[in-house]
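*Asks:* Here it is, the structure, as structure tokens.
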Amino acid sequence: MNKKPVMLMILDGFGITNHEDGNAVKMANKPNFDKLLREYPHTQLKASGLNVGLPEGQMGNSEVGHLNIGSGRVIYQELTRITKDINDGVFFENTEINYAIDEAIKNNSSLHLLGLLSDGGVHSHIDHLKAILKLAKDKGLNRVYVHAFLDGRDVPPSSAKEYIINIENYMKELSVGQIATLAGRYYAMDRDKRWERVELAYNALVYGTGELSNSAVEAIEKSYKDNTTDEFVLPTVILKDGKPTGTIKDEDSIIFFNFRPDRARQITRALNDKDFDGFERKRLKLNFITMTQYDKTIENVRIAYKPQSYKNTLGEYVSSLGLNQLRIAETEKYAHVTFFFNGGVETPNKGEDRALIPSPKVATYDLKPEMSAFEVKDEVINRIESNKYDMIILNFANPDMVGHTGVFDAAKTAIEVVDKCVGEISDKILEKEGTVFITADHGNSEQMIDYSTGKPMTAHTTNEVPFVYVSKDAKDKRLKSEGILADIAPTMLTEMGVKIPEEMTGRNLIEGK
């Protein structure tokens, strides 16, 4: 039986811009791609920032791109997910955050807010702390203590004073909250089982012992005088009327507002694990909330933002329908069309074949801009001829990997090589009465120079990417505008004539279908 395969061809790093300077995509001789654009419906997709779950204005990347494409929904990074909820007001209804505050009110106890005090956005964000403080204020809780871990890595090394002043001003405005302790992340956020460091942070939090200071600003100024930058500030207890401002006690509530797990695990274990043996410590009965899941094995904690489920990704769903699929790429992008495309799952789905074509062994890809594109093309044509596959996902690495070298002529050659492959593969799919959707995961080689300096640019871009619908039946159809990467999977399923699963929040882009 001759199958009518539906293929997605991802031209990695192939973005669109009208700028001609440094635009390898525009300057390349690509008769096949240009012909497909003339003859078939096409549109542009947003592939950066909030449209792919990244912070506003942040360029896309291959991991995030393939995650969004393969899952058929916008996958929000934890930072963006929480910030979006705060902006939408949803955060203030979070069950676990509210539980922590309500328990403190019920028990007439204190709420302690632990976390990295900066806007670095890698482990935490000061705006998330502010949102919790606001909710505590709105619910009428007064005993709220901030235990500020100081950054100096994801932000400048001596910037903690600004963040301390910022949060103290905010708390003054709210009339809720006081800084109870400070500790450099070197101590409070160790991840290498150097328990002697964590113990110093623990002692400040629970026993109120360590360095002593009458104010947070005074403590940080003293550290700067001693040439100690933020990361290495010794755990310091802030005194009020000569006593620790607020130590952690039985029945207290804690919200650890770091969203990245790796450096939050150890201090969380010290405060919660029943059989903790990193150092001697008294065990407390706490209502402990972690912003995200730090580790499945940590005991006695509740999680404000549980791991996102990627149920019914494109690959999983197609497999559940009993259909066969192929994933094919060269080494550089193989993980992207398999692991990331499947929502971070390593194991192939039932009926999912994988073809890995080795990438060439060269120092940099400008030395061989064709990479292994021709080998990928030959292999996929053989696989199409087998009539086995209902769906094929293919990635050409060249526009991205050669784009990263910053060598314009090499990037131009890379595009021209890929264009030859696009032509041959499209012809073969059309011969089988199938469909090819051509797209990219993010931009890169369409901007090879920094417009402000004129120097080579090697990074990804925030530009839109193409989406071309190639099929014998497509010529009289139209594609909707304003699409995003998450719309690709629903569009492919529509073309395959199957229902879109409810977990996919992307939309079908084919007008009238």
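Positions of Cβ are set from backbone N, Cα and C atoms, glycine also.
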*Asks:* In Swiss-Prot, the Mn(2+) 2 site includes Asp12, Asp441, His442. Which of Ser62, Ser386, Ser481 does it also list there?
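*Replies:* Record source Swiss-Prot; matching candidate: Ser62.
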*Asks:* Expressed to the nearest Å, what is the distance separating His123 (substrate binding site) and Asp400 (Mn(2+) 1 binding site) at their Cα atoms?
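*Replies:* Asp400 (Mn(2+) 1 binding site) has its Cα 28 Å from the Cα of His123 (substrate binding site).
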*Asks:* Identify all same-chain residues not among Asp400, His404, His460 whose C-beta atom falls within 8 angstroms of the centroid of the Mn(2+) 1 site's C-beta atoms; report them in sequence order.
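*Replies:* My list of surrounding residues reads Asp12, Gly13, Ser62, Pro399, Met401, Gly403, His442, Asn444, Ser445, Thr458, Ala459.
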*Asks:* On a simple 10 Å Cβ count over all chains shown, which one of the binding-site residues Arg191, His442 is most densely packed?
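*Replies:* Top count of Cβ atoms within 10 Å goes to His442.
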*Asks:* Take the C-alpha atoms of Arg263 (substrate binding site) and Asp400 (Mn(2+) 1 binding site) and report the distance between them in angstrom, rounded.
*Replies:* 32
*Asks:* These are the binding-site residues: Asp12, Asp154, Asp441. Which one scores highest on other Cβ atoms within 10 Å?
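*Replies:* Ranked by Cβ atoms within 10 Å, first place goes to Asp441.
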*Asks:* Starting from the Cβ of Pro261 (substrate binding site), draw a 10 Å sphere and report how many other Cβ atoms land inside it.
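*Replies:* Taking all protein chains shown, Pro261 (substrate binding site) has 18 Cβ neighbours within 10 Å.
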